[in-house]
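Written out below as structure tokens is the structure these notes cover.
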Amino acid sequence: MKHYEVEILDAKTKDKLCFLDKVEPNATIGEIKSMFHKSHPQWYPARQSIRLDPKGKSLKDEDVLQHLPVGTTATFYFRDLGAQISWVTVFLTEYTGPLVIYLMFYFRVPFIYAPKYDFTTSKHWVVHLACMCHSFHYVKRLLETLFVHRFSHGTMPLRNIFKNCTYYWGFAAWMAYYINHPLYTPPIYGEQQIRLALILFLFCQIGNFSIHIALRNLRPPGSKTRKIPYPTKNPFTWIFLLVSCPNYTYELGSWLGFTLMTQCLPVAFFTLVGFIQMTVWAKGKHRSYLKEFRDYPPLRSPILPFIL
């Protein structure tokens, strides 16, 4: 059996960082990263980007050496991805913040509103309902992070946690300030509007959870294999017939319901910004599905059926 020699160069300077002798042909990029880590302890595997070209795409950890377009002396280029943090840690942090922050405004802790309003409660039942819905949403997200989601990538750059938390925590504070304000006024169409909004919110929360379960069941534990998601026996998943990312569709519906329920401008703005971001993600995932699967259903749109 022939063995490979592997040299790893710095992608920026082209300096030789590491030379590995007698590497097995069936060695994966993940294993090469571990070997590289032994000679450079400061660059743990999750921090490494190994590529065939200095400006090329990162190779996947599961890529096998003998299946790559390299000779028996293989040259790879290394780029430092920076400090990494696990997806689970990021999600737990960014979702716990809004839950706690919103409740601080709901209970009107001191130094938020005028002192005479400290620890008072709103006279409008929609304010209490909104707090329950907001809390339910983020408790659901936390539980899904712990028990439902399976992440294809274990880590993300550490700097992302600051960006993500600024977004989620900042919007939660902005929304909560106005919804729980002593001068808040209920929606113009009263109970009918609130009840309709609650139905939409709960329907979409159940739908979102159903899609997350369906996506989880597509990927066995510890696997990174990707399959085309199809509708299951659960009616909430039938939207897969028309949309590639129905989890985002239902997420949008939930926040539209919350906007209708509270009739609050910051909530509407949060919904709009979230919709723009989810559309970007959905289009990217839709493109990758089309690229990866030749038999991908042609009728599907990224996020909104027949529209977007």
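Yeah, the Cβs are placed from backbone N, Cα and C, and that goes for glycine too.
Where the annotation comes from TrEMBL, it is an automatic prediction and has not been curated.
TrEMBL annotations:
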type	residues	note
DOMAIN	5-80	domain 'TECR-like N-terminal'
DOMAIN	155-308	domain '3-oxo-5-alpha-steroid 4-dehydrogenase C-terminal'
TRANSMEM	85-107	transmembrane segment
TRANSMEM	166-184	transmembrane segment
TRANSMEM	196-215	transmembrane segment
TRANSMEM	236-258	transmembrane segment
TRANSMEM	264-282	transmembrane segment
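Beyond the ends of the transmembrane segment (264-282), by six or more residues, the same chain brings 171, 174-175, 177-179, 244-245, 248, 251-252, 255-256, 258, 302-303, 308 to within a C-beta distance below 8 angstroms of the stretch. Secondary structure of the domain 'TECR-like N-terminal' (5-80) per DSSP, as helix, strand and coil residue counts: 17 helix, 28 strand, 31 coil. This prediction places the mean pLDDT of the domain '3-oxo-5-alpha-steroid 4-dehydrogenase C-terminal' (155-308) at 93.
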